[in-house]
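J.: Structure below; questions to follow.
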Amino acid sequence: MKTLLTTSLLALTLAGAAQAEGKLSIYHWFEYIPQELLDKFAAEYDVEVTMDTFDSNEALLAALKAGRLGSYDVAVPGDYMVDILKQEGMLDSFTPEELPNHGNIEDRWLDVAFDPGRTSSIPYQWGSTSFAVNREVYDGTADSLGLIFAPPPELAGKINVLDTSGETLTLASLYLGIPQCSADRAQLKALNDLVMGAKAEWASFGSDVAKDVLVSGDAAAGMIWSGFSAKARAEGAPIEYVFPKEGMIVWMDNVVLLKDAPNRDNALKFMNFLLEPENAAAVTNYAQYSAGVKGVSEFLAPEVANSPESNPPSDVTGVFVQPCPQEVQVMYDAIWTNLKK
Amino acid sequence: MAGAAPQGASAGSDIYRGNGPRLLLPVWLWVGIFLVAPVLIMAVYSVLTKEFRGGVIWDFTLAAYDQFFLDRGLFGDEPPRIEWTYIGIFWRSIWQAGLATVLCLLIGFPTAWFIATRPARVRSVWLFLITIPYWVNLLIRTVSMKFLIRDTGPLNEFLLWAGIIDTPLALVNTNFAVQLGLFYSYLPFMVLPIYAAVERYDFSLSEAAADLYADSWTTLRLIILPVVKPGIVAGCILVFVPSLGAFLAPELLGGAKTFMIGSLIEEQFKGAAGNWPFGAAASMILLSIVMAVLLLHARAQTKGDRT
């Protein structure tokens with residue numbers, strides 16, 4: 001299914017494409033940009049836009065490694081994947097002068113560890129990864145990752161977890177209070193035992209269905225990204241997004257300029273376009289995350305600006321997922337395989 | 001191709017003389033590009049060193065096969081034992097594919113028999129009905145199956161309404177659901193070849209058997225089954241092989257809780273593991289199993305032809 005979704009080519013042939021000046025080829029997450037915004041860019045700059053989609057950072061990396069580098073202009077990797085793509089030499093860089101709107105990047109997202117000074121990437125959206133719980137099924141206290149990893153009877157057997165080892169094992173590590181990329185034997189053993197024990201209470205593993213299973217009621221609790229949770233509630237799921245006391249994952253997706261971009265100029269125009277507050281807000285209104293761009297608030301729909309997901313309490317801690325070194329990653333892979341064997 | 005020439009049936013056949021290799025070129029190109037080259041690439045990748053986060057380093061190693069068959073503990077420093085993890089995943093997939101094949105045969109054979117024994121005009125209608133659902137994309141059909149059997153789906157609603165059950169049957173995310181999905185996906189691949197075989201069956205053979213006091217069970221066993229066997233074998237292969245690599249049904253209906261061969265391999269290329277040589281090695285092992293099945297079939301076929 002993942003493969004099908006990924007390969008389902010979203011060929012967005014636009015009106016007047018035949019006469020378009022240039023082209024722009026985007027490699028993007030599924031369900032993450034409103035069509036109207038692509039149309040607006042195409043009309044404003046007379047550019048023919050095409051877009052393919054992926055469903056995980058690792059799938060993006062795999063596609064670029066397998067020879068797609070050079071066919072896309074921009075992609076939208078998450079924080080740690082920007083770091084990895086940079087290490088792999090897959091990113092081009094630009095000067096702030098090439099992006100007139102570079103100054104619109106919020107100060108706190110300017111000097112990020114994965115791209116200091118923002119020379120290869122710009123903020124797209126940021127949000128959190130935690131879980132949501134169906135309040136008609138469970139009405140007790142919801143403030144802990146224990147609802148997923150040591151669930152109460154009401155939720156047992158009705159939990160969906162994300163089908164990516166990075167997110168699921170990071171949340172499990174937060175629950176246990178062990179550091180990410182730990183190579184400590186006792187800690188890894190505890191992590192392995194925790195997920196192996198919890199699996200009996202989990203109904204399914206799924207990332208692209210994370211929202212749908214909550215809406216349909218197949219799952220009564222599920223790990224989910226903040227914007228997806230807000231969308232699920234808008235679609236009628238009686239759910240609450242939980243900010244766990246143990247902490248949650250914070251992430252930021254970024255538009256990067258790829259190396260060997262066939263249409264570098266249009267890529268920069270597109271990045272500059274996305275840094276316009278009005279356009280960044282259009283993405284936020286659609287995806288229901290947060291923009292990382294100055295001046296978006298006046299363009300935001302009130303239900304998005306005021307949603308619980310967009311307004312975490314000040315005492316909740318969020319961590320970025322760390323890319324682990326190879327010798328440690330092997331052990332996390334082994335735990336994941338063990339979990340699904 | 002050259003077979004027509006010795007008979008000298010027509011002057012036109014001369015143009016084929018001596019042109020055999022050239023006329024076979026498209027076939028060889030097809031086999032070379034779509035069969036030999038991909039398998040060779042896979043074979044080569046399976047003995048290369050893995051590059052961290054996907055990709056390969058051009059150094060020969062058997063590490064991928066070692067990982068498949070030998071277990072050295074979570075930290076890689078224990079004495080090697082047999083690794084049951086991947087063998088277990090393969091066995092589960094083979095078992096599920098086998099069960100799906102048996103189920104398809106049990107339902108598919110009577111279905112094909114029924115259709116083949118209808119009057120010729122009605123037969124095409126029945127065949128049409130069998131194929132109609134398959135005009136719809138497999139993904140859509142699998143998701144629809146999930147809608148049907150979920151806790152709040154029509155099946156459970158009906159059973160609750162009829163008072164047959166008190167609480168909804170938990171069908172989604174079970175092995176039963178996976179089997180149902182495989183069975184539903186591949187049933188026509190069983191029905192159609194068996195139908196083709198039964199349609200050619202000469203029913204006077206059955207009458208002759210009855211005249212010689214064979215009961216219907218004996219007729220089925222000694223007369224019908226041997227005659228339609230090629231259709232059954234073809235149907236079984238057509239169901240077994242795609243079921244073995246199926247990942248839609250396990251992921252959507254089974255909840256992706258356990259790796260199938262297909263999802264294990266996918267994880268090596270698209271997941272965090274990024275271990276291309278291991279994915280290639282697992283694919284080679286899968287290919288070997290499928291080849292073994294097909295070779296057994298081919299041998300059984302040639303034996304059958306000789307007798």
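Glycine is no exception: its Cβ is also placed from the backbone N, Cα and C atoms.
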J.: Name the residue, out of A:Tyr72, A:Tyr80, A:Tyr241, that TrEMBL lists for the same spermidine site as A:Glu31, A:Gln322, please.
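T.: Looking at A:Tyr72, A:Tyr80, A:Tyr241, the one TrEMBL places in the spermidine site next to A:Glu31, A:Gln322 is A:Tyr80.
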J.: Please name the residue among the binding-site residues A:Glu31, A:Tyr80, A:Gln322 whose C-beta has the most neighbouring C-beta atoms within 10 angstroms.
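T.: Ranked by Cβ atoms within 10 Å, first place goes to A:Tyr80.
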J.: Listed spermidine-binding residues A:Glu31, A:Tyr80, A:Gln322 - what's their greatest C-alpha to C-alpha distance in Å?
T.: 25
